[in-house]
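Participant: Right, I'll just put the structure down here and ask away after.
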């Protein structure tokens, strides 16, 4: 009896497939050029089809120039119009681009005369220049009699602004690699340096509590420490600096920020688990940040205090905001005080 083999049509479970993708990106490479035409009245009469050219300028890998025809570009327009064009001034074929020509209003009223491809839908797409010398523009750009009595002409001078956007396309395929770059950990390394105490070369006496630190780290982070430790008035033999106007926990938090570049846990630092204690620390730390020129720390404290405005702290916070020029914090406090429920007597 023979065996019959039947093909069920099911795919083999060992077959693998892959999916790839790519993206076509079309965008413009933009560039601008200003062209000043002085002595306009002397340019009249040079002849139909003759132009005054700007210097060439480069956009999207091509050279371009602005051509101004005082007597018009073609015979039929000589009766009363000036012509203005943008020309491809380098070798190229089928160069696709967007253009904008602006005749500047020199009265200050900013009523410029603008012809532009930018910012609007184009039914036939960007303009294509077939070869070197191809142009885009207007044979009847402006009626000559109107131009000569307008605010566009001042001191016998015209000003033209031009924008060219060369269309470029490329295809982006999938990356053949995947490398995860870890976030910066420089703060961790400096923080560990503070905690281990190795290499410290200066200490601070704050109300009987001593804090060891590194002169170079302090100087790099704070302009005040830099002047104190390395400025012309520094004490060559200084090893311990007495700090009298900051409480020890606040100075500890200051050093923590200098090394770690972030705020410490306020509740852990104060040993109190209340919002009021954290707000009080932020108030003192804001003042210390301003004193030592630590702008980022000042901003962090200002942000925290904006979130923690309360009836029992707003007066002190407002005074600090005024003293240390924290405008957003000041505004937040004033708005809080002006709220009807906070104006009622207690």
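Heads up, the Cβ atoms here are built off N, Cα and C, so glycines get one too.
According to TrEMBL, the protein carries these features:
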- 1-12: compositional bias 'Polar residues' (COMPBIAS)
- 1-26: region 'Disordered' (REGION)
- 13-26: compositional bias 'Low complexity' (COMPBIAS)
- 30-164: domain 'MATH' (DOMAIN)
- 200-267: domain 'BTB' (DOMAIN)
Participant: With helix taken as DSSP H, G or I, strand as E or B and everything else coil, how many residues of the domain 'MATH' (30-164) land in each class?
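Facilitator: Per-class counts: 11 helix, 64 strand, 60 coil.
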Participant: Please compute the mean pLDDT of the model over the domain 'MATH' (30-164).
Facilitator: 90
Participant: Take the domain 'BTB' (200-267) and count its residues per DSSP category (helix H/G/I, strand E/B, coil), listing them in that order.
Facilitator: 30 helix, 14 strand, 24 coil
